[in-house]
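> As annotated in TrEMBL:
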type: BINDING; residues: V117, V271; note: FAD binding site
type: DOMAIN; residues: 314-328; note: domain 'Glucose-methanol-choline oxidoreductase N-terminal'
type: ACT_SITE; residues: H557; note: active site, proton donor
type: ACT_SITE; residues: H600; note: active site, proton acceptor
type: REGION; residues: 623-667; note: region 'Disordered'
type: COMPBIAS; residues: 625-637; note: compositional bias 'Basic and acidic residues'
type: COMPBIAS; residues: 638-667; note: compositional bias 'Low complexity'
Amino acid sequence: MRFQVAIAVASACSALANPYAVRQRSIVSEIKDSYDFVIIGGGQAGLVLGGRLSEDSNHTVLVLESGENGDDYRQRIDTPAYSYFDSLWVTPLNWDFKTSPQPGAKDREMTWPRGKVLGGSSAINGLYLNKPGEIEINAWQDMLEDMDGADYWGWNNFDNAIKKSETFTAPLDYIVSQSDALFTIDDHGSKGPIQASYPAWMPEQNGAWNLALNNMDVPPAKDTYGGKNAGGYISTSSIDPATWKRSYSRTGYLDALPPRPNYDVLANAHVTRIVFDSKSPKNNFTANAVEYSQDGGATKKTVSVKKEVIVASGSVGSPAVLMHSGIGPKDVLSEAGVDLVHELPGVGQNLQDHLLATVYWNTTTKTPGAVWVDDSDEQRNDTSFLSFVNDAVAYLNGDRIFGDGFQKFQDSVTSQMSKSNPTGTTDKNVTAGYRAIYNTTASVILPSEQGQIELLLVTSALDGTVGITAALQHPLSHGAITIASNNPIDYPVINPSYLSHPADVTMLREGLKLARKLGETSPMKDTLTAEVTPGTDVQSDADWEDWMREKVDTEFHPSSSCAMLPLSQGGVVDATLKVYGTFNVRVADASVPPIAFSAHLVGSTYGIAETASDIIRRWWNLPRPRKDTSKGNKDNNKTNSDGNTSNNDGNDSAESSGSSSSDNAGNGNAASMAQPFGIAALSAAWAMVMVLV
């Protein structure tokens with residue numbers, strides 16, 4: 001008996017000493033034969049969906065993730081500064097995709113890093129956590145017209161979904177005084193699984209950022225998380241201020257869960273295709289299984305699906321999964337040797353990505369990059385310093401970019417619409433969708449206060465230079481994801497068609513001029529010396545454009561390749577995220593918005609996944625959070641079809657609306673979704689001790 005007690009106590013101590021052991025509760029090596037919901041992709045969106053859908057103990061949920069669980073790299077994942085100084089891009093946790101040669105960028109192939117690990121790109125990214133604008137989200141909703149479910153995608157509901165995902169912590173007083181960080185607590189969530197905060201250490205260059213922008217007539221953004229993001233600010237980051245570690249979808253939506261026997265997560269499981277019932281009626285195909293491989297495609301396994309398949313493999317992976325399953329453009333599937341199940345020409349089309357280039361200067365001050373290279377191990381290992389991230393940003397609208405020349409630029413964009421076409425397709429519906437997106441961009445977003453160019457301060461360069469990046473936010477150059485073979489292990493073909501539209505060239509060129517101007521404006525200029533890149537020899541428009549084409553690169557924000565649009569416009573999913581022509585397949589990730597946002601995509605992706613979980617629970621008559629269908633000030637008195645109105649703090653929970661979840665977890669609050677591992681493990685162990693005694 002004493003021996004058994006000793007084992008129980010030792011097990012508790014072991015769990016406390018090794019928190020990764022506690023985290024394995026839902027991560028399994030063997031799975032059941034069937035599940036109600038099978039989620040393809042255990043990345044950022046997939047783990048949100050898994051955590052939320054498994055709240056109901058009467059439904060079984062499986063997440064299949066192609067990558068590993070990440071525990072062997074956990075210190076590098078957890079440490080914010082390592083995302084810049086000890087990047088996971090050179091590890092197996094990165095898909096390391098390559099684009100096709102880009103004619104608009106001197107035929108260069110560009111690397112697209114994407115997370116191949118539980119948590120996806122939220123585990124390896126730069127930790128920016130900001131929001132799109134109200135105008136953009138409402139423009140998305142307006143494109144859906146009277147589609148059933150369109151109300152989910154208005155600003156108020158979408159903003160509340162983002163708030164539901166986060167717990168905001170204000171910056172330290174030192175950070176406020178150092179950087180003039182502005183924030184409005186009501187614009188953030190307070191009970192969500194993802195921690196939104198600021199680092200414990202900032203470089204002195206951050207203090208000059210807003211002051212220099214203000215001297216360029218770019219005022220600080222005071223409502224950037226409330227739907228109006230024009231101006232300069234210090235972005236929140238996905239950092240847990242209790243530990244100064246990365247907060248991402250695995251820590252928030254998986255590690256924090258208590259035991260759930262209805263929820264399994266299988267890593268190292270590459271989905272090869274969705275299997276459809278051969279007896280399904282045409283245009284209403286029912287998925288009854290998912291096929292996957294754990295040995296590089298040598299052998300295949302299947303798991304049966306009772307209710308739904310939810311594809312959450314990202315803007316590259318989601319269209320590839322659909323195409324390998326026989327859903328997509330007929331010509332692409334035929335050339336790849338994939339049997340056609342359902343022709344859907346929009347799959348993989350409308351690909352959009354933010355595109356950037358950076359101006360660099362030498363400096364008289366020591367940057368974080370220089371500290372990392374030159375300083376002692378003591379400073380390099382300081383917890384505060386290791387919370388460093390790049391986080392100074394600004395969004396500039398068309399008026400501030402072009403000044404008096406903006407109307408001429410806008411007229412030029414509008415006049416080119418009838419001559420502009422999507423890349424790689426002649427399908428009339430896809431072309432109609434491209435024109436619809438183009439029209440929304442040109443007539444709604446471009447003339448608004450919405451940011452067209454993002455400026456970012458870069459102090460992480462290991463050569464000690466300081467950079468100011470300009471990034472295009474609403475590209476009119478649209479590309480495509482396709483497949484070139486019938487082997488689902490082969491990488492898809494990525495063609496973003498960078499700079500194929502002349503307006504993108506003009507917009508980014510002018511943005512780079514402003515990046516240079518910002519570096520030449522006090523007080524930024526006070527610590528900057530010689531311009532290193534591109535150098536002062538680059539002056540004319542032709543000089544800038546030639547240099548741009550040599551240097552532009554991805555900002556790592558691909559979107560829109562499974563666009564939510566009407567079927568007549570080449571849409572892939574409807575407003576309930578259901579794939580056209582299927583009965584029970586949805587897509588829920590950054591591939592869904594039909595337009596690009598002026599924001600980093602992490603916050604938006606959490607909002608998409610939270611909204612998707614609400615839609616799916618509603619469909620299957622599960623208890624669900626109430627939703628606000630209004631767009632903002634336009635429709636504030638509008639209510640749901642069931643008569644509910646919104647909890648305006650965005651933190652309404654499944655529990656508060658009648659959840660039957662037996663473990664009360666995942667209800668959008670830190671207490672339930674983020675239980676302390678040590679206390680839980682110790683309590684369980686002592687309960688075992690009492691039974692044994």
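Cβ coordinates are placed from backbone N, Cα and C, and glycine is handled just like the others.
Walk me through the surroundings of each of these features.
According to DSSP, V117 (FAD binding site) is assigned to a strand segment.
Sorting the domain 'Glucose-methanol-choline oxidoreductase N-terminal' (314-328) by DSSP state (H, G, I as helix; E, B as strand; all else coil) yields 11 helix, 2 strand, 2 coil.
Listed in sequence order, D353, H354, A590, A596, H600, L601 are the same-chain residues at least 6 apart in sequence whose CB falls under 8 Å from the CB of H557 (active site, proton donor).
Its own atom aside, the Cβ of H600 (active site, proton acceptor) has 25 Cβ atoms within 10 angstroms in the protein chains shown.
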> Which residue among the binding-site residues V117, V271 has the fewest other Cβ atoms within 10 Å of its Cβ, if you could check?
V271
> Could you tell me the mean pLDDT the prediction assigns to the domain 'Glucose-methanol-choline oxidoreductase N-terminal' (314-328)?
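Summing pLDDT over the domain 'Glucose-methanol-choline oxidoreductase N-terminal' (314-328) and dividing by its length gives 99.
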